[in-house]
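Heads up: the structure comes next, in structure tokens.
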Amino acid sequence: MSTDQDLDTKKAAARAWFESLRDQICAAFEQLEDEAPADLYPGAPGRFAKKAWDRPAGGGGVMGMMHGRLFEKVGVHVSTVFGTFTPEMAKTMPGAAEDPRFFATGISLIAHMTNPRVPAVHMNTRFIATTKSWFGGGGDLTPLLGYQRQQDFPDAIDFHAAYKRACDKYDPEWHPKYKAWCDEYFFLPHRNEPRGIGGIFYDHHDSGDWARDFAFTQDVGRAFLEIYPTLVRRRMGEAWTADEREQQLIQRGRYVEFNLLYDRGTMFGLKTGGNVESILSSMPPAVKWP
């Protein structure tokens, strides 16, 4: 792995951005907790509890968890880890076969909402360096009720539009490509169904212009920060039924199945000695398999 000053500067810049984005997202989510109508969401507004962790083999991170009244469970985490891939992992990572040392920094979040009419969401962006370096990440929306799981539902239209704007600023071919990649990635083969309505997913993003690739990854984060609170405000005032809560709990089971069977981030974290509590914090707080 290159240890030149230029790469160190890039690592520091990426880490600083992910930590800044974490702070902005946590503030926005706490604001939503404050705004949630008390008749639907009794109790005190939630606040994030942050907990630092260290990775014995190098690096660490900060978990941010909130169990609120509107956000039933949300985790917003940052981590910066480094070390040496196992031979098994090195074979699967670009540039690691020649030199197994790696560096990875990023942000990840998953929000599970109290109200079944407010969709769950997942977002992550990351920067990874071996003898090569690249960005990856994306965001995807998971409505829990059937009528919301249609591409012509307003929330789906607006969610896709937000990421299209972020992509089109750089290349009009990126959004169709990364949207299709998201649909392919967040799919449960054993159920033959998508996890949600999609979004974008990208990986190994290295155009040769690091500053431009970094700017794109920042805009992906900003797009999330703009659109998801908008969708939450749109739906959080709607009352829900016991039947809708039941549908929500059953649909959450698909989330668990995907994360444990297919999710790259989960597997990467567990295979590189990541923080297990942080990795599995994506699990919903309550779920049913009928």
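Backbone N, Cα and C atoms are what each Cβ position is placed from, and that goes for glycine too.
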Per Swiss-Prot, Asn124, Thr125, Arg126, Gly273, Gly274, Asn275 bind substrate; matching candidate in Ser79, Ser108, Ser207: Ser108
Candidate ranges 39-74, 147-182, 255-290 [criterion: Swiss-Prot lists as region 'Important for dimerization']: 255-290
Least buried by Cβ count (within 10 Å) of the recorded positions His112, His122, Arg126, His160, His190: His190
Site extent for substrate, whole Å (max Cα pair distance, Ser108, Asn124, Thr125, Arg126, Gly273, Gly274, Asn275): 19
Pairwise Cα distance for Arg126 (substrate binding site)/His112 (divalent metal cation binding site) [Å, integer]: 22
Under 8 Å by Cβ from Ser108 (substrate binding site), same chain, sequence gap 6 or more: Gly75, Val76, His77, Ser79, Met123, Asn124, Arg126, Gly265, Ser282
